[in-house]
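Listed in TrEMBL:
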type	residues	note
DOMAIN	B:13-82	domain 'CP12'
DISULFID	B:C28-B:C37	disulfide bond
REGION	B:52-82	region 'Disordered'
COMPBIAS	B:53-82	compositional bias 'Basic and acidic residues'
DISULFID	B:C68-B:C77	disulfide bond
Amino acid sequence: MPISMVFRANSINHTPFFPNPTKTHFLSPQNLLHFYKKTPLKNHIGEFSCSSPGPVVVGLAADSGCGKTTFMKRLTSVFGGAPKADHNHQNPDSNTLITDTTTVICLDDYHLLDRKERKEKGVTALHPRANNFDLMFEQIKALKHGFPIEKPIYNHATGLLDPPELIHPPKILVLEGLHPLYDSRVRDLLDFSIYLDISNEVKFSWKIQRDMAERGHSLESVRASIQARKSDFDAYIEPQKQYASVVMEVLPTQLIPDDTERKVLRVRLIMKESGVKNFQPIYIFDEGSTVSWVPCGRKLTCSYPGIKFFCGPEAFFENEVTVLEMDGEFDKLEELVYVEGHLCNVSTKFYGEVTQQMLKNCDFEGSNNGTGFFQTLIALKIRDLYEQVAMGNGVGDGVGVGSLASTK
Amino acid sequence: MCVRPVAAAPESISEKVVESIKNAEEKCSDDPASGECVAAWDEVEELSAAASHARDKKKESDPLETYCKDNPEDEECRTYED
């Protein structure tokens, strides 16, 4: 009966592709993989009608050392689900992060040239020449349509391309790397995308912190590395900004005059007003107006330098956007709850959910400032987007079906 | 709010980082604008990122760290800021 079949398709434990592997021998995993590798996808996509919707696909673009991994950890924490233990038996150097609900693919796996080849040819990983966009597109398209893929592995330890690993379509597929928004075909497959835009001063400060524990590095070597990569970064990575659903800019604070420490940060969340299905921007107090808000005062006492918020409409690369900005640091739990209570369109399932997530992951980088706070907000928006898509495709009762478990 | 100690990355990756920096400095002393120079510093960045991830992975598997995450008030897990 159609309704119950679709219900089953949307349940938490459903394996999206093979409803009856024993009955239909032709569709067994081994045969399908063998079959998929040899024949082009377009001849067969009409023959396999998938009874369940494919994954929601999210792209996350950022330069190396800019917080993608931390962002991924926050995302997977909000979506819930335990990491899959058997995944790394295939290849311990796999870059893929897999939980019950989410698969995160590192786009370095689509490098066309390995480290040695890039060195010989004088090409950086930032350059499109170093990446196989055709394969990226074919494989993400396959996953989106419910087919498993044999995805290459770029081994960061050896710098070589290892034999492929099998990836099944998940509920939520995240593509993180330098170029998720570069190729227009891949862009069209994305349901949501984020660009992490770290300003030069902050990037320098973060890389110093990251690299000073390593022998061989000095201030000069960190600076030289950033400088050398800048031209390729400006040419190939930065232009992706205009396509993202949300851009998160990280800048030096304006609260401390002549600050050089770069510990206190000003973070701006630039959210598209239209053009992103199932997504409405977060705002303070009144949608569309310009609001400047200092929560510290009579009800809330904050330590220096305090916290300052701003929200307002702007234009960004010919798009109308809402900008939500936070400058400063959280010092106490009550500040976090107070601020959460005054934001609108946050898509939480209960009051205090943002604060709870921030506390749960308080050892992650940026947990006391706008980076962690806004990343958590974005993760909740993506969860909301997923649930809207799942509700739209399924005939569920609206409760539990197609929804990700809210973490307690 | 939370304190995080720093440990070094595994030897092999650290060695690679050191070598790659030397290599980049050499390549760039001839011609700072060349593809080789730029690619060499890109390799430094890639290896530094890998070293950083290796450090984090090592930290995550420290049994004391894992225990203290759930029991911060225990004697062994106390931290002092002077």
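Quick reminder: no glycine exception, Cβ is built from N, Cα and C everywhere.
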Residues from the disulfide-bonded residues B:C37, B:C68, B:C77 that lie close to chain A, Cβ under 8 Å, in sequence order: B:C37
Mean of the pLDDT scores, which run from 0 to 100, over the domain 'CP12' (B:13-82): 85
Disulfide-bonded residues (B:C28, B:C37, B:C68, B:C77), the one with most neighbouring Cβ atoms at 10 Å: B:C37
DSSP-derived structure type at B:C77 (disulfide bond), helix or strand or else coil: helix
Helix, strand and coil counts within the domain 'CP12' (B:13-82) (DSSP): 55 helix, 0 strand, 15 coil
Between B:C77 (disulfide bond) and B:C28 (disulfide bond), the C-alpha gap once rounded to whole angstrom: 47
